Amino acid sequence: MFSNNRRISLRQLKRMMVMELIGITGLVIPGITVGAAGRDGVLAMAVGLVFVTLYVLLLCRLGRRIDGEYMQYARKRCGLIGMDIIGAFYLVQLLFSGAFASRLLGEVVRQVLLPDTSVQIIMIVLLVLAVYAAAGGMEGRARMTEILYWLVLGPVIIMLLFTAKDLDFDNLAPIFVSTVPKVAAGGYGVLIFFSILGMMLFVIPFMKRDARIYRTTMHGAVIVGLFNLVFILLVVSAFGVGGTYAKNWPIISLMTIVRTPLNVLGRFDSILIVIWLVSIFTFVNSCIFYSSLVSRQLIGNEKMHIYLIPFAAVILLLASWADNYQSIYQTYMSYMKYIGMPAAIAIPVLLLFLDWMQGRRKEAKE
């Protein structure tokens, strides 16, 4: 299964990252940035993109020092117990993120497409499909995103073009009225939903050693960031600050008002929503796959597929503990704000520091 899938191209890496991020960020980031900074939500998004850029630079700095698997590198720097703690953190992060994304996708499907279906049933079907897709390995996932990439981005671009011409951009004024802490808080919320970029460190063994890996990662992050800048402009123009903040997923509401010339595409909003959900499914699939990859690097068992079903079951349990989406969302955001994201930054910094210290000791001995 997995042993035959050892290499992906730079183009596939970029497309995988865009597909993993654009759906989930497009649903939640407009609400986060506008909720924090009001009409300056675009500014909060820009600040968030700066934070993301700095985070990717940190990952790139560490990634250039990793020769082989990330967990083995961590073991060399901080020992077996340190490696286990770091690996456990990444597992918890991935399982929490997968649970949030699964519940998000289940709620959107239930509210928009299947109102009479239990959200748990929707999530079970979703996770079964995600396990099947993850079993194809890294190369299988890369091929899947190659097929889906323009199938997702093409209609999204069409939506942006047809929606923009009918909106009231007066809703965007005035700007530069929010305080710096509010804009920074919105930017930090943006960074949280780009945290899966940290999985780049686990993907290194699947790539040829090439400095362009890091440039490609940055390129993918910028593409998603720019799309989100446009999403925020459009939803605030369409619904105003209050309307945007009041909606769980303003981009879904925006899709329902898209009208194509002469209505040539019929119910284009339904097409858009289904396509958007495909991107969120890709994120869930990634969380399950990377959880299995982390476990393999920790334990050393090459049979990654044995972890897929147990991790999917854990994700389902975590996604089902609360009766409503808002409780899941608030819990996930609290974890990421105060534990998840700080640790995702601190671990690479710690490993770089230990790497530097070991280098200094080696030089002193020589």
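The chain as shown is numbered from 1 upward.
Glycine is treated like the rest: Cβ placed from N, Cα and C.
According to TrEMBL, the protein carries these features:
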| type | residues | note |
| --- | --- | --- |
| TRANSMEM | 16-36 | transmembrane segment |
| TRANSMEM | 42-60 | transmembrane segment |
| TRANSMEM | 81-105 | transmembrane segment |
| TRANSMEM | 117-135 | transmembrane segment |
| TRANSMEM | 147-164 | transmembrane segment |
| TRANSMEM | 184-206 | transmembrane segment |
| TRANSMEM | 218-241 | transmembrane segment |
| TRANSMEM | 271-293 | transmembrane segment |
| TRANSMEM | 305-322 | transmembrane segment |
| TRANSMEM | 334-354 | transmembrane segment |
Exercise for the section: Return the stretch with the most CB pairs under 8 A relative to the transmembrane segment (42-60), choosing among 16-36, 147-164, 184-206, 218-241, 305-322. Expected result: 184-206
Problem - Paired segments the transmembrane segment (147-164) and the transmembrane segment (305-322) in contact, 3+ CB pairs under 8 A - result: no
Handout entry: When counting Cβ pairs under 8 Å to the transmembrane segment (81-105), the leader among 16-36, 271-293, 334-354
Key = 271-293
Problem - Annotated stretches the transmembrane segment (16-36) and the transmembrane segment (334-354) touching (3 or more Cβ pairs under 8 Å) - result: no
Fill in the blank from the handout: Among 184-206, 305-322, 334-354, the stretch with the most Cβ pairs under 8 Å to the transmembrane segment (117-135) is 305-322
